[in-house]
Amino acid sequence: MNSLILSTAARFLIPVILALSLFIFWRGHNEPGGGFIGGLLAATAFALLAKASGTAKARRTLYLRPRAIAAFGLGCALVGGIWGGLATGAFLKGMWPFLTIDAEGHKHGLPFGSIMLFDFGVYLVVLGTVTGILFALEDSLAEDAAGAEDVPLDKEDGRWR
């Protein structure tokens, strides 16, 4: 699409959407949100970029293939689930080790848990899957539009035959 308004708005909206996506992902452990909705928002940012600047630029910006992102996310989700299973015997049981423990044994710092790793995996699976589908649809629409030049229009109502 060659819209000046869309490309200008996209430059400002995409970072905001991605920041909101990360906020909702981070917030989702204790309140509504999490990996699924955060991943959908991130995919929305890349869909907006694809519409504003084309799928080639959106693919370059995403850097990795969507299928690879989804596969890595699936691995993260499995590791997050198995982590609790190995420690407690229950798959997806939340484990919360702290990154910093002082000399007296008190826990300080940021807890990084198996649930967060699982949510991050869901985030990446959703991002990779949705962007893969969107890029495939955009590419097929571009191919259809390129091949449509050979199809004659109906003279009466201007529709394709």
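Counting begins at 1 with the first residue displayed.
Using N, Cα and C of the backbone, Cβ positions are placed for all residues, glycine too.
Caution: TrEMBL annotation is automatic and unverified by curators.
Features as listed in TrEMBL:
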- 5-131: domain 'Na+/H+ antiporter MnhB subunit-related protein' (DOMAIN)
- 12-29: transmembrane segment (TRANSMEM)
- 35-56: transmembrane segment (TRANSMEM)
- 68-92: transmembrane segment (TRANSMEM)
- 112-137: transmembrane segment (TRANSMEM)
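Mean pLDDT, taken over the domain 'Na+/H+ antiporter MnhB subunit-related protein' (5-131), works out to 87 on the 0 to 100 scale. Under DSSP, the residues of the domain 'Na+/H+ antiporter MnhB subunit-related protein' (5-131) split into helix, strand and coil as follows: 91 helix, 9 strand, 27 coil. Counting residues 6+ beyond its ends, the transmembrane segment (12-29) has Cβ neighbours under 8 Å at 35, 37-39, 41-42, 44-45, 48-49, 115-116, 119-120, 123 in the same chain.
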